[in-house]
Amino acid sequence: MNVTVTGAAGQIGYALLFRIASGQLLGAQTPVRLKLLEIPQGVKAAEGVALELEDCAFPLLSGIDIFDDATAAFDGANVALLVGARPRTAGMERGDLLSANGGIFKPQGEAINAGAAEDIKVLVVGNPANTNALIAASHAPDVPTSRFTAMTRLDHNRALTQLATKAGASVTDIQRLAIWGNHSATQYPDITHATIGGRPATEVVDDQAWVEGEFIPRVAKRGAEIIAARGASSAASAANAAVDHVHSWVNGTPEGDWTSAAIVSDGSYGVPEGLISSFPVTSSGGEWHIVPDLEIDEFSRGRIDASVAELGEERDAVRSLGLL
Ligand SMILES: NC(=O)c1ccc[n+]([C@@H]2O[C@H](COP(=O)([O-])OP(=O)(O)OC[C@H]3O[C@@H](n4cnc5c(N)ncnc54)[C@H](O)[C@@H]3O)[C@@H](O)[C@H]2O)c1
Ligand SMILES: O=C(O)C[C@H](O)C(=O)O
């Protein structure tokens, strides 16, 4: 399998590539060829990472190619992890960020359209991830939009640990947690359908003030908390979530449970069709499915609508920049 990773010389790339090469992404039976994409200034560092990958003598790693050209990097790709993005810097407005990233994700979408394998699966990690995925998908008209996803698995994993800690339970006791909306501070981590050890999480926790005042903001702003503590944004946990996302996509989700991923909306739950929004999802046969028929209470409705409204604004902004 050809796995293309963009931003390969960055900090997430450094945490991600070794896990892919060791077989944790696609399984212990699947040899992997890595195709690394960097900007020209990043190529030398990517070559250094490739030297280290060689030094691991991973039995499943069948080769490494390094590119500064998107068309070549995505040629034949079965899985594409779009990590490289333009980070927000001081004084940069949201519009500037969207415009700079449009300059990255438009040509990458075109390159995926031109040469990726029939079964291509794309995960966008680089922020703003949902809207970057939308831009890439809209420039790949021959690839089903369902193959373009954005990462909210890190938010999901963050929520699992916060809830488990509050309940004095293990993360493995928790099922049916969900992240809705944008991978941003407006996201809605939802415990209303979750169970802990088979009991409703809302009953086990029985503390709505904690849910609203601590749990939701802690999960939604965890990225900023990591940046403040580490002096750099999350990297190993982001790489871990990317591995989890693709692993679930390829291998399916366990019976009776679901996970969270940002996928194209079919209009479910009032999320406008075409937006790439996080939903509770299951995976089977290499396809994501939005969990149907969940009851959405009034509090959840307001939170979902707010995050989805932000996604709509981002879409309108990139549309007005001519990026869709
Ligand atoms: N969705 C999530 O949950 C999540 C979590 C953590 C980080 N992120 C985002 O992931 C992105 C990467 O984070 P990082 O810490 O690795 O950043 P980083 O700055 O360490 O690395 C990014 C790399 O991308 C490269 N790059 C830039 N433009 C490129 C292009 N057009 N093609 C190929 N490579 C390119 C850069 O040269 C750099 O090496 C950021 O946008 C970050 O905000 C998302
Ligand atoms: O929050 C950020 O800016 C980085 C990343 O998206 C994260 O969630 O850790």
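Going from the start of the chain as shown, residues are counted 1 onward.
Including glycine, each Cβ sits where the backbone N, Cα and C put it.
All annotation found in TrEMBL is predicted automatically rather than curated by experts.
TrEMBL lists 1-141 with the feature domain 'Lactate/malate dehydrogenase N-terminal'.
DSSP gives ALA9 (NAD(+) binding site) a coil state; it is part of no helix or strand. Sequence-distant contacts (6 or more apart, same chain, Cβ under 8 Å) of ALA9 (NAD(+) binding site) comprise LEU36, GLU38, GLY42, VAL43, ALA45, ALA46, GLY48, VAL49. According to TrEMBL, the NAD(+) binding site annotation covers GLY7, ALA8, ALA9, GLY10, GLN11, ILE12, GLY13, ASN101, GLN108, VAL125, GLY126, ASN127.
Positions annotated as substrate binding site by TrEMBL: ARG88, ARG94, ASN127, ARG158. Neighbours of ASN127 (substrate binding site), defined as other CB atoms within 10 A of its CB across all chains, total 20.
Per TrEMBL, domain 'Lactate/malate dehydrogenase C-terminal' is recorded for 152-316.
HIS183 (active site, proton acceptor) falls within neither a helix nor a strand when secondary structure is assigned with DSSP, and so counts as coil. As annotated by TrEMBL, active site, proton acceptor applies to HIS183.
Among the binding-site residues ARG94, GLN108, ASN127, the residues whose Cβ sits under 6 Å from any atom of ligand 2 are ASN127.
Among the binding-site residues ALA9, GLN11, ARG94, GLY126, ASN127, the residues whose Cβ sits under 6 Å from any atom of ligand 1 are ALA9, GLN11, GLY126, ASN127. Around the Cβ of HIS183 (active site, proton acceptor), the same chain contributes ASN127, PRO128, ALA129, ASN130, ALA150, MET151, THR152, LEU154, ASP155, ALA262, SER278, each under 8 angstroms and 6 or more positions distant in sequence.
If you average pLDDT over the domain 'Lactate/malate dehydrogenase C-terminal' (152-316) in this model, you get 97. The separation of GLN108 (NAD(+) binding site) from ARG158 (substrate binding site), Cα to Cα, is 29 Å. Counting every protein chain shown, the Cβ of GLY126 (NAD(+) binding site) has 24 other Cβ atoms within 10 Å.
Per the record's binding annotation for substrate, residues ARG88, ARG94, ASN127, ARG158 show a top Cα-Cα distance of 25 Å.
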